[in-house]
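Look at Swiss-Prot and you will find 2-88 tagged as domain 'Core-binding (CB)'. Here Swiss-Prot flags 109-288 as domain 'Tyr recombinase'. For Arg148, Lys172, His240, Arg243, His266, the entry in Swiss-Prot reads active site, with the evidence type sequence analysis. According to Swiss-Prot, the active site, O-(3'-phospho-DNA)-tyrosine intermediate annotation covers Tyr275, on the basis of sequence analysis.
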Amino acid sequence: MTDLHTDVERYLRYLSVERQLSPITLLNYQRQLEAIINFASENGLQSWQQCDVTMVRNFAVRSRRKGLGAASLALRLSALRSFFDWLVSQNELKANPAKGVSAPKAPRHLPKNIDVDDMNRLLDIDINDPLAVRDRAMLEVMYGAGLRLSELVGLDIKHLDLESGEVWVMGKGSKERRLPIGRNAVAWIEHWLDLRNLFGSEDDALFLSKLGKRISARNVQKRFAEWGIKQGLNNHVHPHKLRHSFATHMLESSGDLRGVQELLGHANLSTTQIYTHLDFQHLASVYDAAHPRAKRGK
């Protein structure tokens, strides 16, 4: 066994005995560190004292070229940094050569939006069951206002202004937003309110479970997924996909990025731009159509 292996074995014993990590976590550390052992051995290293920041960077590049994803590489480098920190604490190394070496950011995977035709099919649900009426109202509100799931389940009856077709929501950072919800959502909320007392009247929540309590986020996720299957949609339906679809459809129709930002409750415009997968060409076309200085003289 080489010094490279010996030090790793000592570190794993430390994690097991001193840190009392689970067997699964220990196995993950072992796999990550075996990868660097193999790379170090291939490059002629006999001990970890010979490892420098250049070798760690080369190891990261090699891992990426072999198909390791950004998130997995981040975990691998994290394990390596922890190992080298331990070697420093044992006076085996003077400094951590992996410090400052980071993996590229993992790409942000956004949910695909539901197109307008599929959305209409999703909303055209059988309403013979009072719970189906509730679900239809939730779907209409979620898609009609682009709410976050937490905002939907947090709605109370007092947050409604059905006469003006608006709803008050408490977003991230305890920031309130007053949002239009559309006439379809208003109609289905009214329909649900006519049936709501069948499940209870003491709770202030707008949307109740069949037990008469505020509906949970998990229950909403489950019901939306079930309706997606029942209505024959190919893609899994979850609440965030409705919010994403709202943003995409609003932006396609209006081109008003700032307005969509306000509706979504994003603090930064850049978040909205990424969220709605805008590209530069679309932004340029919005600018050319709207900005006075963009209009070319004849």
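Placement of Cβ uses the backbone N, Cα and C atoms for every residue, glycine included.
These numbers come from a predicted model, not from an experiment.
The CA atom of Lys172 (active site) is located 9 Å away from the CA atom of Arg148 (active site). Mean pLDDT of the predicted structure over the domain 'Core-binding (CB)' (2-88): 89. Ranking the active-site residues Arg148, Lys172, His240, Arg243 by how many other Cβ atoms lie within 10 angstroms of each Cβ puts Lys172 at the bottom. In this structure, the C-alpha atom of His240 (active site) lies 7 angstrom from that of Arg148 (active site). Between the CA atoms of Arg148 (active site) and Arg243 (active site) there is a gap of 7 Å, rounded to the nearest whole number. In terms of DSSP helix, strand and coil, the domain 'Core-binding (CB)' (2-88) has 70 helix, 0 strand, 17 coil.
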